[in-house]
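Worksheet for the structure shown next.
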Amino acid sequence: MKAFLVICALTLTAVATQARTMDRCSLAREMSKLGVPRDQLAKWTCIAQHESSFRTGVVGPANSNGSNDYGIFQINNKYWCKPADGRFSYNECGLSCNALLTDDITNSVKCARKIQRQQGWTAWSTWKYCSGSLPSINSCF
């Protein structure tokens, strides 16, 4: 049991050292470089703010179905990514959940865009905070 706890602690430490906290403009600029249309950036930055406070290394608490949400966009491990503990996942994005926790947001952006294309903005419970008028991101560029 002690060995298991040590391994878990080391894994979390390794993931945490690769994570970072972004801000609205750094996220908007990186997402733009990754091909996200500029007219969507205010929505994405709002979602990231409300889901993770712009932190890439966040693993949310267990949901009512036992699943967890990962990364800057809090992507669910039952449907979109493969949890490290081997639990069943549909893994629609074809990646490990730990790939959503690093300072490189490429995987998170690709997966989040897939979710948005399939389910729309309401896939995020925080969308209610982002569906109205949002501050412009023009000053970020």
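Quick reminder: no glycine exception, Cβ is built from N, Cα and C everywhere.
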Of the candidates C25, C46, C81, the one sharing a disulfide with C130 in Swiss-Prot:
C46
Going by Swiss-Prot, tell me which one of C81, C93, C111 is disulfide-bonded to C97.
C81
For C93, which disulfide partner does Swiss-Prot record out of C111, C140?
C111
My understanding is the cutoff is Cβ-Cβ under 8 Å with a sequence separation of 6 or more in the same chain; which residues meet that for C140 (disulfide bond)?
R24, C25, A28, R29, L41
D69 (active site): nearby disulfide-bonded residues from C93, C97, C111, Cα cut-off 10 Å:
C97
